[in-house]
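Accompanying notes for the structure given below.
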Ligand SMILES: CC(C)(COP(=O)(O)OP(=O)(O)OC[C@H]1O[C@@H](n2cnc3c(N)ncnc32)[C@H](O)[C@@H]1OP(=O)(O)O)[C@@H](O)C(=O)NCCC(=O)NCCSC(=O)CCC(=O)c1ccccc1C(=O)O
């Protein structure tokens, strides 16, 4: 898996996340609010490092993942950091060849033997939506918005982002989410079984804390084994995820994918018609 000593050297100073530990709970906050907490290569490396640290620390029994500011949890890959020739290359993190170790991040969220709560404080879009999907539990502010956007911007997560999503919301709904790229309210997501609890935005922090405290009162071994059991049923998606990220690396090198990215950055309507041949 991941050598956390090497990772620690690489992220010796956290720039893109905040990380705090308090009475058994570790809170990881994606801290790029100016970009609506979009992630770049460094962000993913820092997230992996923090999850690994929480894994190694026996005093930690629950992990909370959230976003800084009031607008966003995370809106996926930072389109402004994406190069013309294949992914989010910023000198490292070549997992899957897309310049982001996103597969490793999904794996560590799933495999850390402690419950992970996504505390969704705003937009959870694209790769940011996938992050809450792979967390064990999701508590959302009533102002939060959820959705996938890949096919609008020339991207996709055809691993846990699609196959595991379908297990949660059902095949039809998962296809709708990806094919139409619409946004859904927190209450709509609760109805789909995609969100566990919705609270007023001003109560999100407190509600998340209360769930963390309830989890901390439970047997850590029982929770560890239950999480392993829940994971076992969807473990085959890891192989699909490898294929998906490998194909994404090749897709990012195409004019079709670039059209999606450029249209978003230039704030103009996208034109994929020329690729329907
Ligand atoms: C999130 C929005 C719906 C918010 O809309 P709105 O409220 O109108 O605000 P904006 O004015 O659009 O945005 C404010 C400000 O933030 C910048 N910004 C927003 N999103 C991004 C981003 N992803 N990267 C960089 N910057 C972003 C925006 O440009 C504005 O800045 P200004 O300087 O003021 O112009 C809306 O913003 C939106 O739809 N954003 C795009 C979200 C997106 O496309 N995310 C990536 C999707 S890719 C995907 O879904 C599948 C792929 C995937 O999951 C994945 C898998 C493996 C690796 C990476 C990814 C990945 O996510 O890329």
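A Cβ is built for glycine as well, from the same backbone N, Cα and C atoms used for every other residue.
TrEMBL does not curate its annotations; it predicts them automatically.
The DSSP secondary structure for residue 127 (substrate binding site) is helix. Long-range Cβ proximity for residue 127 (substrate binding site), meaning a same-chain Cβ under 8 A and a gap of 6 or more residues, is found for 39, 74, 76, 77, 102, 157, 161. Look at TrEMBL and you will find 75, 76, 77, 78, 79, 88, 123, 124, 125, 126, 127, 155, 252, 267 tagged as substrate binding site.
Its own atom aside, the Cβ of residue 88 (site 'Important for catalysis') has 24 Cβ atoms within 10 angstroms in the protein chains shown. Feature annotation from TrEMBL assigns site 'Important for catalysis' to 88 (among others).
The secondary structure of residue 252 (substrate binding site), as reduced to three states from DSSP, is coil rather than helix or strand. Per TrEMBL, site 'Important for catalysis' is recorded for 252 (among others).
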- prompt: Between the binding-site residues 75, 125, whose Cβ has more other Cβ atoms within 10 Å than any of the rest?
  reply: 75
- request: Among 75, 76, 77, 78, 79, 88, 123, 124, 125, 126, 127, 155, 252, 267, the annotated substrate contacts, find the widest CA pair distance and round it to a whole Å.
  value: 24
Query: Checking the binding-site residues 75, 79, 125, which are within 10 Å of residue 88 (site 'Important for catalysis') at the Cα level?
result: 79
- request: Would you count the other CB atoms within 10 A of the CB of residue 252 (substrate binding site), including those on all shown protein chains?
  value: 23
Message: Suppose we screen the recorded positions 77, 88, 252 by Cβ distance to ligand 1 with a cut-off under 6 Å; which survive, in sequence order?
response: 77
